[in-house]
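Structure record follows, encoded as structure tokens.
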Amino acid sequence: MDESRRQRPAGHVAANLSPQGARQRSFKDWLASYVHSNPHGASGRPSGPSLQDAAVSRSSHGSRHRSGLRERLRAGLSRWRMSRSSHRRASPETPGTAAKLNRPPLRRSQAALTAPPSSPSHILTLTRIRKLCSPVFAINPALHYTTLEIPGARSFGGSGGYGDVQLIREHKLAVKTIKEKEWFAVELIATLLVGECVLRAGRTHNIRGFIAPLGFSLQQRQIVFPAYDMDLGKYIGQLASLRTTNPSVSTALHQCFTELARAVVFLNTTCGISHLDIKCANILVMLRSDAVSLRRAVLADFSLVTLNSNSTIARGQFCLQEPDLKSPRMFGMPTALTTANFHTLVGHGYNQPPELLVKYLNNERAEFTNHRLKHDVGLAVDLYALGQTLLELVVSVYVAPSLGVPVTRFPGYQYFNNQLSPDFALALLAYRCVLHPALFVNSAETNTHGLAYDVPEGIRRHLRNPKIRRAFTDRCINYQHTHKAILSSVALPPELKPLLVLVSRLCHTNPCARHALS
């Protein structure tokens, strides 16, 4: 018989014995026996002499007796503690006497990230559906790490309103650290959702236009991504300084932005997720061997991601099994991901479509207050913003050098509070009515849903306030005086026409024309 598996009854006498055979006593039992065995009472009063002798003794030696009692109690308590600790230690010559814990250790060591992680095969797995439209997803535990211990030099990769990015170029990794704990949960869930959509889109539709995470740390509030060569803003500056006329550059641009447009449509329509923060700084690029042409471009930074009306997981939950916990850690769907926010939609105004700027000027915000974001709105906003980033490249790299004048995509910068103002919204709408007709392609391909560019009368017709209408008209007249003659002399090479057609469709004034890209 295997003696190691035998169990004693709960009331067995051996249950009160230590591994060394001595009976275990509580502190209360020990103190009682000590007091009874002491020749003096617990109060320090002698038991033998009379009350008069006791009074004399207290008056002459009370302090000595009290101090002596305290010392004996302190010494006895120390011996009792030592005996208790020795009882807990198993005898070295007795096999199998180590005390077994009835609970797991307080904390098991988790894995630190010491080597560059590989791309995961999956990020989320549907485990069950608790209620109608309340799925529970298990997060791939292989993505979780405690600390980042990958060797290599760190360099500054960028900073934003929600976090900072460090680059480990030796291993081609980018580590984003979120500043606030509350916002980290929002961005982590958004990143995991988009990452799972990216993996599925790559397998089923060969769409790879979004960056996918490689790992994350709850303790450090970090998310690890693959590093790219630079963002689109830096690439535009580099390309403008080269003044290249190589047709392969525009061809690669057209391919990459077409891929990005497909990714935006897939994310909004199939996954029910709108990015809402597409700009040059959030598009990462990788160059070919010539260090000029694009090899790949992906959308990054999911800080403002919002689930639109096509999503079926707005009430979803996420669980992560950690080594130091018996039950998995649960995450609910953050509210910031499920409700529309007009301030988020409008942003700074640089890349927002005209219909959204008109709603801002008319103060039409009811449809965006505590409501789900409509799919067609999210898709129209994302596609227009993508077209504006491509227009930024065309103006900076091709238009401005050909004119010899620093023409920009928008009329100017905001200096007050870095927020959209009615004055700047009017300036944007009026400036586009002059810039877009000079660059957009006017053809049957782009005019299926009407003119691709904005005209003053079309904007003016939708403005409700007469004062705002007059201000808009004045702005249009001013920009026609200052820019129309210059822009009329723009002459771009014919190999740029596919790129301009794509800009015209992405930034079409009619949202339905943008939806037609899907």
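Note that Cβ sites are derived from N, Cα and C of the backbone, with glycine treated the same way.
Feature annotations, reproduced from Swiss-Prot:
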type	residues	note
ACT_SITE	D277	active site, proton acceptor
BINDING	G157, G158, S159, G160, G161, Y162, G163, D164, V165, K176	ATP binding site
DOMAIN	151-518	domain 'Protein kinase'
REGION	1-119	region 'Disordered'
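Taking only the Cα positions, the spacing between G157 (ATP binding site) and the residue listed as 'active site, proton acceptor' is 19 angstrom. Looking at the residues that bind ATP per the record, G157, G158, S159, G160, G161, Y162, G163, D164, V165, K176, the two CA atoms farthest apart are separated by 14 Å. Within the group of binding-site residues (G161, G163), the Cβ with the highest number of other Cβ atoms inside 10 Å belongs to G163.
With respect to the residue listed as 'active site, proton acceptor', the closest of these binding-site residues in Cα terms is G161, chosen from S159, G161, G163, V165. In the predicted structure, the domain 'Protein kinase' (151-518) carries a mean pLDDT of 93. Cβ neighbour count for V165 (ATP binding site) (all protein chains, 10 Å cutoff from its Cβ): 19.
DSSP gives the residue listed as 'active site, proton acceptor' a coil state; it is part of no helix or strand. DSSP assigns G161 (ATP binding site) to coil in the three-state reduction, placing it in neither a helix nor a strand. Neighbour list (S159 (ATP binding site), Cβ cut-off 8 Å, at least 6 residues apart, same chain): V165.
For the ATP site, the Cβ centre of G157, G158, S159, G160, G161, Y162, G163, D164, V165, K176 serves as reference, and the other residues of the chain with Cβ at most 8 Å from it are T177.
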